[in-house]
Amino acid sequence: GVENYHVIELVGEGSFGKVYKGRRKFTGQTVAMKFILKHGKTEKDIQNLRQEIEILRKLKHENIIQMLDSFESPLEFCVVTEFAQRKFGKSQSSWYFILT
């Protein structure tokens, strides 16, 4: 569960939830943690989210950010993926690619 991670900082926010940069406590691995609130969603929406999480768990490809973990609480889902930060050319701007 979330107790296995340190949440570091908010990196993105959308209509479905918030994405945080995090770190696995035992390995130090930097991860992305997407929290999706259940509030306002129907039971069908929640079932669909569970199915999508299971599909993400099975996806394995070198060009797809790997899902590492997921958990569910009474209030929300959390999907943990690899964290990718890239810089392009001379630009100092960075982007985060989170697949969820």
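Note: Cβ is positioned from N, Cα and C throughout, glycine not excepted.
The ATP binding site annotation in TrEMBL covers K38. Residues annotated as domain 'Protein kinase' in TrEMBL: 5-100.
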Helix, strand and coil residues within the domain 'Protein kinase' (5-100) as assigned by DSSP: 16 helix, 44 strand, 36 coil
Number of other Cβ atoms within 10 Å of the Cβ of the residue listed as 'ATP binding site' across all protein chains: 16
